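Asks: Below is one structure. I have some questions about it.
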Amino acid sequence: MASHIAPESCCCGLVHIMTGALIFAVLNCIDAVAFALVGLIVFFNGSFIVLSTIVVWAIAELFCSCLVIYGLNTEYEYCLGPFILKEVIKVILRGFFIGYFITFYIASVIERSRAARFGELVMDKQYYSYFDLDPSNEHFESDSDSIAFSIVVSICISFAIGLWSTYVVAKAYNYIKRRSFALADVQEVLQDEVAIVESIV
């Protein structure tokens, strides 16, 4: 059965690729503002370096998203480039985080099963410093494993959304580029026709 989904559409053919890219850009703007506000609330009296990093990253996100909106309105494809580059970097970083936390989770399960087999108490793990949890708590092991598992799931979801938004914006970039080349060809043909008509007259 032949597919009836237009090549310039996205989301299973529900919206035009330009609309899809605009939706992702607007959602990314909202996400950047929310990220900055949460960072300011949580880390206002905390680490200045962490707070500065969060604010700078949020500003970069907002700037790239606004560039996408501007590029879509003016059909200037190069405005979409910074957003695509930023999303590729985020996808790579999320991939590293997923690998790290999966390794953390597997190591924790193996260590706990080995300790249970030999009747040992596991209280000297080096990764305690990564979480602000009390190792003397009897539920520490399950709590830390639950946190690691939740982080992996949330990063996997954001990883998938990041891939999707990168794909949609990159598709919009190619669409605008094709349109600009097509318009340039039409203008060139029209100019040639005008020149021919003028030479005849």
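Think of each number as a place in line: the chain as shown, counted from 1.
Every residue, even glycine, has its Cβ placed from backbone N, Cα and C.
What TrEMBL lists as transmembrane segment is 21-43, 49-70, 91-110, 147-170.
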Asks: Looking at the stretches 21-43, 49-70, 147-170, which one shares the most CB pairs under 8 Å with the transmembrane segment (91-110)?
Replies: 147-170
Asks: Would you mind listing the long-range same-chain contacts of the transmembrane segment (147-170), meaning Cβ under 8 Å and 6+ residues beyond its ends?
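Replies: Distant contacts of the transmembrane segment (147-170): 10, 17, 20-21, 24-25, 28, 68, 80, 83-84, 87-88, 90-91, 94-95, 97-98, 101-102, 104-105, 108, 131, 133.
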